[in-house]
Amino acid sequence: MPRAIICLLDSVGIGGAPDADHYGDQGANTLGHIAEWAASGKADREGLRSGPLIVPNLDAMGLGAAVKLSTGTLPPGLSDTPKGGCFGVGREVSRGKDTPSGHWEIAGVPVPFDWGYFPQSEPAFPPDLVAALVNRAGLPGILGNKHASGTDIIAALGEEHIRTGKPICYTSIDSVFQIAAHETHFGLDRLYEVCRIAFELTEPLRIGRVIARPFVGEDRNSFRRTGNRRDFAIAPPEPTLLDRNAAAGHQVYAIGKISDIYAGSGVTHKIKGTGIPQLFDKTLDALEMAADRAFIMTNFVDFDSEYGHRRDVPGYAAALELFDRRLPELIARLRHDDLLVITADHGNDPTWPGTDHTREQVPILIFSPALPMGEIGIRPTFADIGETIAAWLGLAPGRHGQSFL
Ligand SMILES: O=P(O)(O)O[C@H]1O[C@H](CO)[C@@H](O)[C@H]1O
Ligand SMILES: [Mn+2]
Ligand SMILES: [Mn+2]
């Protein structure tokens, strides 16, 4: 009996989105640029990695071929002849280049509305929203109130936050309201409670997520965000693949950020984890436990949060190489009729200006011992991924997308 697994490499885009220019992202190519920089020695970091990007296992599944299909150019060091599985390219129809938009569409539900966003001007948040938050959460005020990189703003305002007890509120070009606060000086539970109130206040503005960003350390040189991040997210507007599989009585394993991204909907087994090695281990554990017709989905967030937003090319390259080294362990554990999909939700080109996501197409790499090699072309919506898995698991077709098998 079949099972299906998605390893979602958060932000590992492969360029080529036809609407990239609407976002100022024409030419962005997360994977392609990392490979180029690595090949020219610009992704070297002592003690971490050096030289060309080494990802033979992803490449054997068609990563290089997918980038070539997406952009017309084969990145240096990659191959355009896969050794197994099916490869293709996913194109997003949802207008947001954010994590929920990408994930929901992958699970069969393109986002039919425009998210709310906060302006680049300062203050970024409407005064009545701030007043309501301060009042309801009993806060002495807030800090930040602007677009920012999360690590930069903690370095800049963390000491003042500890002194004043005012949480640091910031946003980005995504539909987010983020709150950074110290785990002990402010308190983790208090931070979550402030976020819960903020979520109630921002939901009518169609803000996709309120994100708790706890950190530790005593000064700007030692502040460090912890794994206790929590996302308070709007629920998808229609039943996703997760809901459909759970409603059919089958298991749905949500590993890492997945449960938060779908607001817990359709999740039967929520598994926490941080960092690529641990998330990989949890994926192997889930595969061990998973019953027939189970769906397992893991979000590997570090590509995005630790390296893409931080514009850290060597770090991103090393993370790809780490994932690639582990991949054979997963493939070796697949049963005959298990289906593995490796894909991404958007781009976050670490060579691009700024610190935000980039509008890109994504790789779709599919492997099953039961599946012959093939190419599935450029798919007009990420929802084709969800429909393929739905068909594989024996679910009725959904409203969006088509199976490519
Ligand atoms: O700079 P940090 O706090 O990592 O924020 C990033 O993380 C958010 C959620 O993925 C994005 O909207 C982006 O702003
Ligand atoms: Mn993402
Ligand atoms: Mn991100």
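Residue 1 is the first one shown; counting continues down the chain.
The backbone N, Cα and C atoms fix where each Cβ goes, and this holds for glycine too.
TrEMBL entries are annotated by machine, without manual review.
The domain 'Metalloenzyme' annotation in TrEMBL covers 3-395.
On its own chain, Asp345 (Mn(2+) 1 binding site) has Leu8, Asp10, Ser11, Thr99, Ser101, Gly102, His103, Ile106, Val362 as residues at least 6 apart in sequence with a Cβ closer than 8 Å to its own Cβ. Here TrEMBL flags Asp10, Asp345, His346 as Mn(2+) 1 binding site.
The Mn(2+) 2 binding site annotation in TrEMBL covers Asp304, His309, His357. Within the same chain, residues at least six positions away from Asp304 (Mn(2+) 2 binding site) with a Cβ under 8 Å of its Cβ are Asp10, Ser11, Thr99, Asn348, His357.
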Revision key, fill the gap. Row His357 (Mn(2+) 2 binding site), column other C-beta within 10 angstroms, all chains, value 31
Exercise for review: Report the binding-site residues (Asp10, Asp304, Asp345, His346) that meet this criterion: Cβ distance to the nearest atom of ligand 3 under 6 Å. Use sequence order and write none if nothing qualifies.
Suggested key: Asp304
Point to revise | Alpha-carbon distance [His346 (Mn(2+) 1 binding site); His309 (Mn(2+) 2 binding site)] in Å | key: 12
Exercise for review: Grab the pLDDT values for the domain 'Metalloenzyme' (3-395) and give me their mean, rounded.
Suggested key: 97
Point to revise | Helix, strand or coil at Asp304 (Mn(2+) 2 binding site) [DSSP, three-state] | key: helix
Exercise for review: Tell me which binding-site residues (Asp10, Asp345, His346, His357) have a Cβ under 6 A from ligand 1; sequence order is fine.
Suggested key: none
